[in-house]
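**Student:** In case it helps, TrEMBL gives these features for our protein:
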TRANSMEM  6-25  transmembrane segment
TRANSMEM  37-57  transmembrane segment
TRANSMEM  119-139  transmembrane segment
TRANSMEM  151-168  transmembrane segment
TRANSMEM  203-235  transmembrane segment
TRANSMEM  247-269  transmembrane segment
TRANSMEM  304-327  transmembrane segment
TRANSMEM  334-352  transmembrane segment
TRANSMEM  364-382  transmembrane segment
Amino acid sequence: MEFIENYNFFLMAILVLISLSFYFINKIISNPTVSVAIVILKFASCFIYFSIISKYYPVILSDDQNYFFESLDLYAMGKESINYLFSTSTITKFMITAQGYHFGYYIYNYISFWLWGPYYYSPVLTNILISTLTGTVFYKTLSLSQFNKRTVIFLYILFLLHWDVLTWSSFINLKDTLVLFLSVSSMYIMVRTKTKGLNIKYILLFLLILTCLFTIRFYFCFFLIVTSLLFFTITQLSKSQLPYIDFILKFSIFIVLPVGFYFTFIALFSTSIDNIGPRTNILFGFPRYILTPFPLNIEPDYSFIFISSILHWIFLPTLPFGIFIFTKKHFYTLMPYLIMFLLLSTFYGSFAELQGPRHRVPQTAFLCLLQGLVLYEVLASIKRIKMKNQNI
């Protein structure tokens, strides 16, 4: 398969997207030099891969190939017109292609083809822009919590350049980056609503996100609804003057929630979700979901995640310390991230087919937050020690 049929179109698309990404990043950082450096790092892997590496060592997975060629057929059927999407009969054709309701990512591919041309790199480049927008929403969410400006900027940059974000958005045409964007956006709405009160515009936006997710990865709708209900209920209960209320609420989230979810949803509806694949013991599945893959055991088709898997393992020790800092300082303000993490980890940890690193991508924002909290504390401690030594 030829990844770049017209190099000029590829350069034009990447330059436009670099400009857009620079605009969003510099609007937050207000430092053109740093913003340019971040944008270059974000697009460098994609540019090098499609310009050089793909000719000799292409990344080819069954899912991304299916998305590309089937979307290409739909694009040709629509005669390359965006108006084709605004028709009931078109949606029916998309559903037939998707063999169900998961037709949303085909629409995403169609729009990417319309914007940048009917080429494989089009949705991949769009994914990089989407990851930049996800970072913007992540930044806005953290800004509503108890962080100082410097910490928020640090976590924002860490997310933009996070190894999992770069890896899964730069090479292959998969929907996980879009799912990450939609889930982070929905959690921003939850945190904003709790902080600033109800706003009909954001409620409608939340419903729109749920609709989109229903056509992309439907069970996220259920998890996000449960997350929002628990978040608003528990933050309301936290105002109670009952003794040990803080301990009770945190115990409920960390222990009662995953255990209760496993024995109600997973166990009771196991026959309805058997098509996902064989179930595994959650005691083994949960850690496997968090730890996989071990860098030396990566299959040849997934060699593109080798570097990110090494970094994932290097930063694994930060997760328990990150959980400690998060629970101590940000439990009530950023609770939706924790609830989603526990629900998804319990769900994915119950099925062997769902325990790959790809299904951890929608959790990247929370994992980045935990890693960033620890890394920031370490860097701050080093700075304090240096200043102390200078004053001696």
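Placed from the backbone N, Cα and C atoms, the Cβ positions cover glycine too.
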**Student:** Is the transmembrane segment (6-25) packed against any residues at least 6 beyond its ends, judged by a Cβ distance under 8 Å, and which are they?
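**Tutor:** Distal contacts: 35-36, 38-39, 42-43, 46-47, 50-51, 115-117, 119, 121-122, 125-126, 128-129, 132-133, 135-136, 160.
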**Student:** Mark yes when the transmembrane segment (364-382) and the transmembrane segment (304-327) have three or more Cβ pairs under 8 Å (sequence separation 6 or more) and no when they do not.
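**Tutor:** Yes, the stretches contact each other.
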**Student:** Between the transmembrane segment (247-269) and the transmembrane segment (119-139), are there three or more CB pairs that fall under 8 A, provided the residues in each pair are separated by 6 or more in sequence?
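**Tutor:** Checked: the transmembrane segment (119-139) vs the transmembrane segment (247-269), no contact.
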